[in-house]
Amino acid sequence: MSSNSNTSSTTAWYSLDVEHTLLLLESDAVDGLTSEEVEHRLEQYGTNELETTGDRSAWTILLDQFTNIMLLMLISVAVISAILDLRTNQFPKDAIAIFSIVILNGVLGYLQESRAEKALAALKRLAAPIVKVVRNGKLVEVPASNLVPGDVMFLEAGVQIAADGRLIEESNLQIRESTLTGEAAAVNKQADLVLSSETPLGDRQNMVFQGTEVLIGRGKFIVTSTGMQTELGRIAAMLQSVETEPTPLQKRLSQLGNVLVMGSLVLVAIVVIGGTFTLGLSQLEDLLEVSLSIAVAIVPESLPAVITFTLALSTQRMVRRQALIRKLPAVETLGSINTICSDKTGTLTQNKMVVQEVDTPSYTFHVTGDGYVPIGEFLTEPKVSGSSDSITSETLKSAPISALLADQEPELVQLLIACVLCNDSVLQYENNEWSVLGDPTEGALIVLGAKKGVDKDPLSRWLPRVAEFPFSSERKRMSTICETEARDWESPYVMFTKGSAEIILERSTRYKLGHGTEPMTKEQRASILKQNNQMAANGLRVLGVACKPLETLPLPEEDEATEQNLVWLGLVGMLDAPRLEAKSAVSLCQQAGIRTVMITGDHHLTAMAIASQLGIANLGDNVLTGQDLQQLSQRELEQQVDQVTVFARVAPEHKLRIVQALQKRGKLVAMTGDGVNDAPALKQADIGIAMGITGTDVSKEASDMVLLNDNFATIVAAVEEGRVVYANIRRFIKYILGSNVGEVLTIAAAPLMGLGGVPLAPLQILWMNLVTDGLPALALAVEPAEPDVMRQPPFSPRESIFSRGLGSYIFRTGVIFAIITIALMWWAYNHTHAAGYQGDKDAWKTMVFTSLCLAQMGHALAVRSHRQLSLELNPFSNPYLIAAVTLTIILQLMLVYIEPMRNFFGTHWLSPVELAICVGFSALMFVWIECEKLFIRWYKNRG
Ligand code: ATP
């Protein structure tokens, strides 16, 4: 390696030819770098990562905490309270406390938010792309962050390029460089160009750049610069800033904050104006104090922090269930999803393809064998006449290719050669296991060939690939062109094509029969189609295979014209079994009011067979194909979309139309996708879901969530988590606001009952709202799912947070809270003012304070479930709640019995009897909520 570590960033690589570049970077186009060299260069150049300066600065996060309207109101309360205290020469204890709590709340919010952002950034790093490189002469997959200058990396459609580099070779490579140049049109790349050193960035056709995307084609390049040394790093154009938009829930909560602040201002106005009228101006100061307490009491100070904590926590929980959240709002939206549009291959099925049936014009072969192990037999079924012995792989493994061609099954051998050469995957044997690197569909074909001794390596040396028309979901086919010169073939080039059976058949005008070919007749075509349908109806994924001799090498854009007049070789049917867990996930969706829709590029009969095995559709149900979609206007599609559960042979652009039609029908749609062209549909969907394993980087970038295991069941698990999060948020809103309403009513009632003075000082209210409400609320955020969470219909995004009885619950519990505390307050006041009472006359206030706190503890335990009685729940299923309740009770007792704390919080010592009375009264809250549950249960059973 060049001793000058800046070489890689300063050289105009595009003005050098490939050999020179390789020489300078001391690498090898075939063998790549050695592991030791990679280690060395990693040390020299650092990891291939961009510094994400797009994140919000720490200061912005901190300042944002104080723009919250509720905190602003608290600050005003603190100022007024300070003025009142200073006027009477009292130490402004309440004001200082409120200020400190405002600051504490702000800092807590800051810590949690920046932690959430960091966690999100870490999660994003988890989804960082994996790249294919050659190292030590072997093709390996490594994290993109591990790339170093000199690495030889492979490109294919959908890959987001992870470093800058000089192309070594390419085939029809088109790259979108808009992130770098702003130019939306795809750029054609060419490896063999040598450009002038003046060439501007946008015209460097022999280079590829970090952050750009491969639209079509394939290629191989040598990395010239990484990390911040790349063009992208240098101009810092595309920085993966963390999403910081507020979630719909956060928006709803800030609206809630506005309502509460407005409400409290109205209440304060009523108390001050009404009170002055009835009690006179002399009481103004007392009334102001009551008002301040009301203002402090109504604000749920702990709510924002608890919400942030819950959302951040849920992303961690989801990642444990293999769902990676890329955008925080997705957590809530997931809970509201009512339609999941899923790909078939790999998501609903295992994507472990095994060829089971091969159909050539003369024979149908049943192929035996398991997984990717290249051992199996071809059991034949003659179609016309004649017989064929099955030949085991062992006998042919070492047979020379010429022997293969002379084989008694020339049609089969020719088809296998096509399958193996029109193929980009690699069969590997490592750690006693056979596996496939690349597309499983192609992997199955390599294994098929290997079972008959048709191995890719010797074949591709014999017929080297010189050009190709790559696969895309739109084309549904691919072709490779191999050189045959001097190899005794009938033409200098031969093209092998495979793809959707109908498309290949449509383009075939002859078919292979024995050693020769015959014109494709109508009858032959019909018989092939019949066979195709039969295989598809059995759930097999069927590909058509063909070949064509070529006299000249076509240009990359001549695919349409070249892929005509093909010679039909046969059909290959592979089994891609449904995922075992997908069936139960589909039925769970049904219970949860979520419709599953299959959208696949595969044949409609294959799709239908799998859909019916999974319970998504019933045999005979309506299927719409891409062709049908083409005929329908968007309006017509909207009218039908609710009735269709299987869309087959669709192209990615149809996915966008389907999502739009469903959304028009008011559905909240989750949509999966993996290809480059799925990105618009993923963006359009309410939840765009990319595949972690097979997904392209582009699709991941466009998604809200990534499935780390590509599994449909994971989507359902994520939906469940989303619902649990929303249920927990509703639960602690119920909990916190219920008590706030109780506090406000109690405070307002005291002067009306003529008790004189405010029962709760602002400091005590803050204590309740932050500590005695906050700690259990945090514990409620980790409450496990209620058993019926997936048996409820989804929450519509338009549904208010107070729907399904939450608003009335808050009001009801608030009133009960108030009734219990007011009753206690009445008793306690009379008790402490009774003749002969020895203790502190103001102890009644502390009794009110203590019983409000203790009642909230009962409330916290009871609110865990809205149906099940607390006795029916496992108390240890949420140990955090038990810990939070115990800790809160201890803290509350410390406030009453430890002198310095008593002085600070303005509480009074309580006798054991007084404390027991408080416990008794506050237990009533728990009893009430449990009775309510019993009543509802009884009422429902009766109904
Ligand atoms: P899904 O959309 O459910 O993931 P799919 O894999 O069938 O299913 P596409 O990848 O769009 O969807 O493929 C469309 C069709 O193209 C397939 O049904 C198959 O006929 C054909 N096909 C798939 N992979 C290849 C390939 N590697 N080479 C040639 N043809 C292919």
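Placement of Cβ uses the backbone N, Cα and C atoms for every residue, glycine included.
The annotation domain 'Cation-transporting P-type ATPase N-terminal' is assigned in TrEMBL to 12-86.
TrEMBL lists 66-83 (among others) with the feature transmembrane segment. Long-range contacts of the transmembrane segment (66-83) within the same chain: residues 92, 94-96, 98-99, 101-102, 105-106, 254, 257-258, 260-261, 264, 288, 292, 295-296, 299-301, 304, 762, each at least 6 residues beyond the stretch ends and with a Cβ under 8 Å from a Cβ of the stretch.
TrEMBL lists 95-111 (among others) with the feature transmembrane segment.
Same-chain neighbours of the transmembrane segment (259-280): 69-70, 73, 287-288, 290-291, 294-295, 298-300, 744, 748, 751, counting only residues six or more beyond its ends whose CB sits under 8 Å from a CB of the stretch. Positions annotated as transmembrane segment by TrEMBL: 259-280 (among others).
Listed as Cβ neighbours of the transmembrane segment (292-313) (distance under 8 Å, sequence separation of 6 or more from its ends, same chain) are residues 68, 70, 73-74, 77, 80-81, 94, 98, 101, 105, 108-109, 112-113, 115-116, 119-120, 247, 249-250, 253, 257, 260-261, 263-265, 267-268, 271, 328, 331-332, 725, 728-729, 732-733, 736-737, 740, 743-744, 747-748, 758, 760-762, 765-766, 769-770, 773-774, 777-778, 781-782. Feature annotation from TrEMBL assigns transmembrane segment to 292-313 (among others).
Through the fold, the transmembrane segment (732-753) approaches residues 264, 267, 271, 275, 279, 286-287, 290, 293-294, 297-300, 302-303, 306, 759-760, 765, 768-769, 773, 776-777, 780-781, 801, 806, 809-811, 813-818, 821-822, 825-826, 829, 848, 852, 855-856, 859-860, 863 of its own chain, all at least 6 residues removed from its boundaries and within a Cβ separation under 8 Å. Annotated transmembrane segment per TrEMBL: 732-753 (among others), in sequence order.
Per TrEMBL, the feature transmembrane segment maps to 806-827 (among others).
Long-range contacts of the transmembrane segment (876-897) within the same chain: residues 767, 771-772, 775-776, 778-780, 782-784, 846, 850, 853-854, 857, 860-861, 864, 905, 907-910, 915, each at least 6 residues beyond the stretch ends and with a Cβ under 8 Å from a Cβ of the stretch. Feature annotation from TrEMBL assigns transmembrane segment to 876-897 (among others).
The transmembrane segment annotation in TrEMBL covers 909-929 (among others). Under 8 Å from some Cβ of the transmembrane segment (909-929) lie the Cβ atoms of residues 813, 816-817, 820-821, 823-824, 827-828, 831, 839-840, 843, 846-847, 850-859, 861-863, 870, 896-897, 902, all in the same chain and six or more residues away from its ends.
For the transmembrane segment (806-827), the list of distant contacts is 730, 733-734, 737-746, 749-750, 753, 755, 759, 800, 844, 847-848, 851-852, 855, 859, 917-918, 921-922, 924-925, 928-929: same-chain residues at least six beyond its ends, Cβ to Cβ under 8 Å. On the 0 to 100 pLDDT scale, the domain 'Cation-transporting P-type ATPase N-terminal' (12-86) averages 83 in this prediction.
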